[in-house]
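Features reported for this protein in Swiss-Prot:
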DOMAIN    41-339  domain 'AB hydrolase-1'
ACT_SITE  Ser136  active site, nucleophile
BINDING   Arg205, Asp334  substrate binding site
ACT_SITE  Asp303  active site
ACT_SITE  His333  active site
Amino acid sequence: MLTTTGTLTHQKIGDFYTEAGATLHDVTIAYQAWGHYTGTNLIVLEHALTGDSNAISWWDGLIGPGKALDTNRYCILCTNVLGGCKGSTGPSSPHPDGKPWGSRFPALSIRDLVNAEKQLFDHLGINKIHAIIGGSMGGARTLEWAALHPHMMTTGFVIAVSARASAWQIGIQTAQISAIELDPHWNGGDYYSGHAPWEGIAAARRIAHLTYRGELEIDERFGTSAQHGENPLGPFRDPHQRFAVTSYLQHQGIKLAQRFDAGSYVVLTEALNRHDIGRGRGGLNKALSAITVPIMIAGVDTDILYPYHQQEHLSRNLGNLLAMAKISSPVGHDAFLTEFRQMERILRHFMELSEGIDDSFRTKLER
């Protein structure tokens with residue numbers, strides 16, 4: 001039975017088999033849900049790479065009674081992704097032998113993340129989802145939901161992501177993985193009985209954060225300013241004499257290292273590298289055109305990580321485009337998490353459109 005009190009709930013889903021042929025035993029998926037569940041009013045939110053199931057914390061002001069995602073009308077559910085570290089089975093979780101999975105944890109794809117979530121819903125008796133909404137990695141999962149299990153969802157909203165990982169994205173994401181693997185405490189992923197690779201994950205976050213924010217925003221905030229009380233222009237290089245932007249990025253890295261597991265970061269980043277909606281489906285455009293679920297697309301005009309042209313590509317090729325929206329912001333990729341006024345307006349528009357969708361018409365399209 002679905003728990004809708006907003007508390008973190010841990011649900012065992014049994015063994016899980018990845019699409020590449022690996023087995024995870026006795027998997028747990030954690031989730032949180034808010035609002036009264038009627039069986040037909042479920043909205044599923046898909047979090048980004050280092051997010052979690054507590055959607056109210058990362059979309060504060062958008063979820064609740066009378067808000068864009070109205071808990072008086074809908075039940076809002078968000079899982080912690082398989083491979084994560086916030087309650088779901090991941091590299092830090094116990095293997096059947098009692099030790100952490102560590103290096104034995106298998107590689108995952110975006111499709112695996114979706115299928116694990118589907119397995120959770122099967123255990124909870126959920127067979128109808130009004131809408132699935134996700135940004136960044138959550139957007140990739142939303143897109144795969146529409147390709148893998150269209151019969152379960154009425155509509156979807158895909159935000160700030162592409163149809164597949166680009167070579168640039170794979171390159172920048174692999175650099176982050178390398179930063180973690182080069183930390184001497186990484187130990188091939190088997191570090192849970194000792195010192196965690198905090199320096200590695202902090203460095204990975206510094207790289208990633210520059211892709212999450214806009215170049216204009218970063219430059220306007222920091223420019224070439226020195227960190228208060230420091231001088232980066234001295235006669236000799238000193239890592240303790242920093243530019244302000246360096247201090248800011250180091251702070252972002254430390255914050256993530258304190259709350260997120262490096263093993264999960266590697267597994268989920270690799271899953272993003274494997275993202276390709278066209279794999280095994282005749283290529284990108286054929287796969288997109290075969291999606292009959294009505295999908296709304298949104299992107300950020302200054303996004304470096306998933307440039308807006310990638311959302312335009314989705315909009316041109318999806319088999320059933322519901323609508324398109326642009327988030328205008330100097331912030332860059334993270335704007336879908338920070339531009340709350342724009343996101344509220346866009347989400348309300350999406351919900352209005354979703355309520356007007358004729359399920360019987362979509363069923364005819366699928367035949």
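The first residue you see is number 1, and the count goes up from there.
Glycine is no exception: its Cβ is also placed from the backbone N, Cα and C atoms.
Asp303 (active site) sits 11 Å from the residue listed as 'active site, nucleophile', taking the C-alpha atoms as the reference points. Neighbour counts were taken at the CB atom with a 10 A radius for the recorded positions Asp303, Asp334; the maximum falls on Asp303.
Ser136 (active site, nucleophile) is 16 Å away from Arg205 (substrate binding site) when you measure Cα to Cα. Taking the C-alpha positions, the distance from the residue listed as 'active site, nucleophile' to His333 (active site) comes to 8 Å. In sequence order, Ser136, Ala160, Thr211, Tyr212, Arg213, Gly214, Val300, Asp303, Ile304, Leu305, Tyr306 constitute the residues six or more apart from His333 (active site) in its chain with CB-CB distances below 8 Å. A 10 Å cutoff on Cβ-Cβ distances gives Arg205 (substrate binding site) a total of 26 other Cβ atoms nearby, all chains included. Cβ neighbour count for Ser136 (active site, nucleophile) (all protein chains, 10 Å cutoff from its Cβ): 25.
On the 0 to 100 pLDDT scale, the domain 'AB hydrolase-1' (41-339) averages 98 in this prediction. When secondary structure is read from DSSP and collapsed to three states, the residue listed as 'active site, nucleophile' falls in the coil class.
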